[in-house]
């Protein structure tokens, strides 16, 4: 029986999709690559001759022709949360104990919680949305709430189905996964880049991220990315009973999942699994930086819930930081926005966990003295949390002769002003805030940063360009820049100039709290800025406030009040200038959403793992309570994490109730945790 072109095209699409599932999901291909290509090219020919036969889920539509001009923004239907971390078996056991406490189980309970262990891939988190089985959108994780639309690039990855197969496919489902490159593909890409004179990628993670953020998705298609899926953000009308059940269902729909996973009957089996996987992680053909441990039962997951940035039912065990030796070639000195003089070790470049490290912070003179770091020393370094390079110790047995202890310079390396170190402080400073070039540079960088005015497109190099050209002498000058001033600058085209000026115009309207952060007043961080904004409402009222009035703002205190008043007095002309160029700061404190914590005051101290401090304080305020910065008789609760110091001691002295972070989280209503 002869089929019509439409029937033949439909059969080819179904057959090619089936072979993709067999190849990428079940690792059991039925046809050779040549036979697959023959079917694919037959479909290409049919669709070329009959354009009306092309469908969105056709495998021929994975790669288009025109590059994108920019990435759009995507708001995730549910936030892509981060996970709390564990670095030892003891911390895994404490995670298990926290879960049991939150479930209301007694401390001596013999009841066990089953966990599913999954490898934590070191790649780029992505989200896919399918409607009626058809892939309609793909996005990066971004900040967890909003990501970038990379649908066209994700469609080029052959293992991602353009249409889900099988039964029980929800009308709407959003799926989370990790995109990555194998070591072999990473080596191939770098070899090609090196041969063509392009800079090579530092590690597979950077290469994967760079590949997915290509405006020309044909470049992405040329790199053999993989994606393994591990979670569902949202699914309409259907849900299995366990995490393992979800992974099995994802696989049944044609979505690839990690082959390494282990169901553990209790936390002891989790500890054993983590130990076994740690031993073999270096034998894998892809990078993994830990193990994700999840409560397997979805009923228990729902009961445990989540806090502001992480679920209570999952934790990421992170492998110990890799330590390597290298040599301190030089100790450099940096000048920060408040004049802080910070020593920095310039190292003989060395690879640490796939990243070439050439510098590490030494913090201050006391830290240098404590570790006795000298130029010429062999030192052990690690990337703390796999991110920040730090010097762990000096290998004194390898110290060459003639080394001398390092001392910070007596004058500022940028402007030559004599440095000062206040009694009781560890930081040495340059007091020349007015005309020190290095302080201007770092003040500008801080002013435009994400937690301040959040001005896109203005990085350190661009700001240095403005300073060198004499265009900017203080942050207010940014808002007076014109297109005519920008166009002569190197690497500045007409479109970029228009974008920068438009962004600066938009950011003239900001909140008082953001502006106070951007001003960089000593002793005023994000929490202090928020409290001052709440206390005074407008910049005009703040400028008129006395030290006594400032100190009456909860948790501001006399030292901060004096610092604010001194800064305001010394910067009257600058504030007037900001106003004259159109910068408007408005009050931004949201009204509480409930009175759950009405009349209660909380102080957070020590390291927090389930929340950031800002998130915890914001949660208290949303629930009608007060988040304080210091302990007093008016404090209701002190929430103490590891490393809590004087605030915890004072709370105990005053007889104030001290909570663990988990006990605080247990006080939250369910609505506050979502």
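Positions of Cβ are set from backbone N, Cα and C atoms, glycine also.
Per TrEMBL, the feature active site, N6-AMP-lysine intermediate maps to 120. Around the Cβ of residue 120 (active site, N6-AMP-lysine intermediate), the same chain contributes 288, 289, 290, 291, 292, 316, 317, 318, each under 8 angstroms and 6 or more positions distant in sequence.
Residues or ranges marked as NAD(+) binding site by TrEMBL: 33, 34, 35, 36, 37, 82, 83, 118, 141, 178, 294, 318. Reduced to three states, the DSSP call for residue 141 (NAD(+) binding site) is coil.
The Zn(2+) binding site feature in TrEMBL is assigned to 412, 415, 430, 436. In sequence order, 335, 339, 341, 418, 419, 430, 432, 436, 438 constitute the residues six or more apart from residue 412 (Zn(2+) binding site) in its chain with CB-CB distances below 8 Å.
The domain 'BRCT' annotation in TrEMBL covers 592-674.
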Check your understanding: With a radius of 8 angstroms around the mean position of the C-beta atoms of 412, 415, 430, 436, what other residues of the same chain does the Zn(2+) site pick up?
Key -> 335, 339, 411, 413, 414, 416, 417, 419, 431, 432, 437, 438, 439
Review point. For residue 35 (NAD(+) binding site) and residue 415 (Zn(2+) binding site), what Cα-Cα distance in Å is obtained after rounding to a whole number?
Key: 71
Practice item. Would you mind checking how many other C-beta atoms are within 10 angstroms of the C-beta on residue 141 (NAD(+) binding site)? Key: 20
Exercise for review: Measuring CB to CB from residue 37 (NAD(+) binding site), give everything in the same chain under 8 Å that is also at least six residues away in sequence.
Suggested key: none
Exercise for review: In whole Å, note down how far the CA of residue 415 (Zn(2+) binding site) lies from the CA of residue 294 (NAD(+) binding site).
Suggested key: 54
**Study point:** Spatial neighbours, same chain, of residue 415 (Zn(2+) binding site) - Cβ under 8 Å, 6+ residues apart
**Key:** 430, 432, 435, 436, 437, 438
Study note, to complete from the structure: the domain 'BRCT' (592-674) resolves under DSSP into 30 helix, 15 strand, 38 coil
